[in-house]
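**Q** Pulled the feature table from Swiss-Prot, pasting it below:
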{"type": "ACT_SITE", "residues": "D125", "note": "active site"}
{"type": "BINDING", "residues": "L74, C75, H76, M110, E111", "note": "substrate binding site"}
Amino acid sequence: MKELTHVDEKGVKMVEVGHKREVLRKAVAKGRIRLRPETIELIKAGKTKKGNVIATAQIAGILAVKKTPELIPLCHPIPLTGVDISFEFGEDYIEATCEVRATYKTGVEMEALMGVTLALLTIWDMVKAVEKDEQGQYPFTRIEGIHVVEKVKEEG
């Protein structure tokens, strides 16, 4: 059975990575936000009241990646070498992909997950006025399927 690395009989700790070699690390995470088809069309046409939804979501996602160790208590601050956030449109969804790269001693999965999550939350925030129903609820809107689709540790 695998053991937890951040918790032992003495309590909680940040894992020691000083002995590890710095190698290329990459992680890719994906997730989707379900939206009304009319909202998707507004975003594509650039006609949302709050501005450019996609550019704002990209910026938010990149910022989230950079802030990961401040928000997840036991994550190491990692010198990132690159972050890419992209989007693919479906009829009733937007799929976000966040790729994070670093040359360091520990992986960047949490950073990729944070980036995709905040990008999707930002989309929701920017379109909530048109997604609400008459009672102010969101019967169609949901974020789903956030997961790591690729993790790379280049052995050298």
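First residue shown is number 1, and so on along the chain.
Even glycines carry a Cβ here, placed using N, Cα and C.
Small disclaimer: the values here were computed from a predicted structure and weren't measured.
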**Q** Taking every protein chain in this structure into account, which of the binding-site residues L74, C75, M110 has the most other Cβ atoms within 10 Å of its Cβ?
**A** M110
**Q** Across all the protein chains here, work out how many other Cβ atoms are within 10 Å of the Cβ of the residue listed as 'active site'.
**A** 14
**Q** Per DSSP, D125 (active site) is which: helix, strand or coil?
**A** helix
**Q** Name the residues of the same chain, 6+ apart in sequence, whose Cβ is under 8 Å from the Cβ of E111 (substrate binding site)?
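**A** E111 (substrate binding site) has long-range Cβ partners A27, V65, T68, C75, I78, L80, V83, V100.
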**Q** Which number gives the other C-beta atoms within 10 angstroms of the C-beta of H76 (substrate binding site), all protein chains shown included?
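**A** The answer is 16.
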**Q** Residues other than L74, C75, H76, M110, E111 within 8 Å, Cβ to Cβ centroid, of the substrate site?
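**A** Same chain, not in L74, C75, H76, M110, E111, Cβ within 8 Å: T68, P69, I72, I78, T106.
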**Q** If I take the alpha carbons of H76 (substrate binding site) and D125 (active site), what is the distance between them in whole Å?
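**A** A Cα-Cα distance of 29 Å.
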**Q** Using the alpha carbons only, what distance in Å do you get between M110 (substrate binding site) and D125 (active site) once rounded?
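**A** If we compare the Cα positions of M110 (substrate binding site) and D125 (active site), the gap is 22 Å.
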